[in-house]
Amino acid sequence: MSVAYSFKLKPAHLPWLKLSIHLGALIPLVLTYYQAFSDQLGGDPVTALLHFTGLGAFKLLLLSLTITPLARTFKQGLLINVRRLLGLYSFAYAFAHLVSYVLFDLQLDWTLLLSEIIKRPYITVGFAAWLILFSLTLTSTKKAQRSLGRRWQTLHNFVYLAVSLVALHFLWSVKSGLAEPLIYMVMSAALLLYRRDKLQRLVTKRIKNGQKLKK
Amino acid sequence: TRALDYAPANQLHSEALTPEEKIITHNNFYEFGTGKSDPVENAQQFDVNPWSLRVEGLAEDPFTLDYDELFKQFPLEERIYRMRCVEAWSMVVPWIGFSLAALLKKAKPLSSAKYVAFETLYDPKQMPGQKSRFAGGGIEYPYVEGLRIDEAMHPLTLLSVGLYGKTLPPQNGAPIRLVVPWKYGFKSIKSITRIRLTDKRPPTTWNILAASEYGFYANVNPTVDHPRWSQASERRISSAGLFSRNRIDTKMFNGYDQVASLYQGMDLRKHF
């Protein structure tokens with residue numbers, strides 16, 4: 001390809017890039033909750049909040065998984081520096097999603113929460129994805145990365161499972177109109193396909209380990 | 001919308017009415033989009049005058065009502081009903097209308113008429129959801145619904161032409177819609193152009209789309225869950241804010257026990 005682009009991301013650009021991610025993620029979140037609390041979010045602010053935070057978490061997760069392909073394709077190695085931030089904001093939205101569900105939808109009916117997690121497949125997979133993102137968030141620091149050593153990468157590979165579960169959660173949650181969740185599913189699949197070699201290695205390693213254990 | 005002449009509800013309803021603002025901005029009307037606020041945004045140009053409502057099929061005197069007749073043919077009365085959506089939210093709505101039974105009696109149904117079939121207007125030019133599968137949520141149009149004749153003749157079953165004292169806003173199903181308060185909201189078909197008496201059980205839209213999730217009867221029933229969510233409780237849409245404790249237990253037949261006799265001897269787990 002002979003596309004000539006001279007732009008190269010420099011360390012001096014990073015703070016600005018990070019600032020725009022902070023603003024881009026925080027402003028809509030704060031505005032939407034403000035609208036919800038002041039009852040300006042349509043007839044049922046609870047549903048609106050759940051849709052906004054759920055979709056927001058999914059979008060940010062996809063964005064964080066787009067960073068590596070983008071950095072490689074356009075040779076912008078520094079871009080990798082914003083991946084963690086996007087991942088953390090994805091969990092922030094997922095956290096708001098679950099808290100809004102428990103607080104405003106189920107209204108702290110813990111028995112109902114438990115039975116919904118067990119009985120409703122779309123909630124089961126959504127909750128599983130939430131737990132994965134939660135553990136990735138807890139281990140997102142440099143310190144955790146050092147102390148976990150090689151296990152850190154193993155743990156963080158679960159992000160691929162998380163994005164698949166989130167895609168299923170969205171697909172199974174809708175009453176009709178599969179087009180939108182299917183578009184998101186295709187985007188997730190494309191990002192996983194980009195990592196097919198890595199995923200294949202992970203799977204074969206698993207199988208080998210399993211065989212070793214049997215012997 | 002314009003004001004209507006009607007007999008106000010003669011007894012006070014024990015539950016607080018859902019504010020008008022909420023009733024006219026939180027709608028499922030896929031003809032105007034699948035989002036809850038899509039109908040209010042996309043339906044304002046919907047032209048309902050002239051209108052034609054045809055009553056036909058197995059009847060001695062089929063007839064057609066035009067727009068003005070919808071409001072004049074039968075005396076209008078106010079009825080305050082709970083409305084329970086299959087998505088587990090609910091409202092309390094002051095409808096204005098007349099009994100479906102009055103309309104059907106005018107057509108003189110034959111004894112062979114066992115069911116009543118309803119059809120929403122089909123007009124892709126005015127209804128973006130009918131024009132594009134993406135906007136319309138992938139359901140088949142025109143929207144169709146049906147009732148057993150005894151359900152249709154039950155005095156609770158209402159044809160509504162208004163709410164909160166005025167004609168229906170387009171997003172709520174102008175100019176005329178069905179209201180069956182003991183069934184999930186999707187049975188209460190909007191913007192009706194055709195009512196047909198028939199001897200066969202008519203196809204119904206959500207049942208066509210997913211028969212395992214939406215039955216023909218669709219009676220509100222807290223003991224039969226939707227396969228993907230619980231129907232045991234519901235969130236009442238009210239004026240109170242986000243922190244209001246508005247999750248309430250769902251009642252059998254949405255609390256309208258007087259219809260229980262219609263289903264005597266039926267297994268309501270099978271006929272959900």
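Including glycine, each Cβ sits where the backbone N, Cα and C put it.
Unlike curated entries, TrEMBL annotations are predicted automatically.
As annotated by TrEMBL, domain 'Ferric oxidoreductase' applies to A:54-165. In the predicted structure, the domain 'Ferric oxidoreductase' (A:54-165) carries a mean pLDDT of 96.
The transmembrane segment annotation in TrEMBL covers A:16-36 (among others).
Feature annotation from TrEMBL assigns transmembrane segment to A:48-70 (among others).
Beyond its flanks by at least six residues, the transmembrane segment (A:82-102) meets 14, 17-18, 21-22, 25, 29, 33, 46, 49-50, 53-54, 56-58, 60-61, 63-64, 67-68, 108, 113, 127, 129-130, 133-134, 136-137, 140, 159 of its own chain at Cβ-Cβ distances under 8 Å. Per TrEMBL, transmembrane segment is recorded for A:82-102 (among others).
Within the chain, the transmembrane segment (A:122-140) has long-range Cβ neighbours (under 8 A, six or more residues past its boundaries) at 57, 61, 84, 87-88, 90-91, 94-95, 97-98, 116, 148, 152, 155-156, 158-159, 161-163, 165-166, 168-169, 171-173. Taken from TrEMBL, the feature transmembrane segment covers A:122-140 (among others).
Sequence annotations record features per position, and here TrEMBL assigns transmembrane segment to A:152-172 (among others).
Residues or ranges marked as transmembrane segment in TrEMBL: A:178-194 (among others).
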Chain residues in Cβ proximity to the transmembrane segment (A:16-36) (below 8 Å; excluding those fewer than six residues from its ends, i.e. six or more beyond): 9, 45-46, 48-49, 52-53, 56, 60, 81-82, 85-86, 89, 92-93, 96
For the transmembrane segment (A:178-194), sequence-distant contacts whose Cβ falls under 8 Å of one of its Cβ atoms, 6 or more beyond its ends: 58, 62, 65-66, 68-69, 160, 163-164, 166-167, 170-171
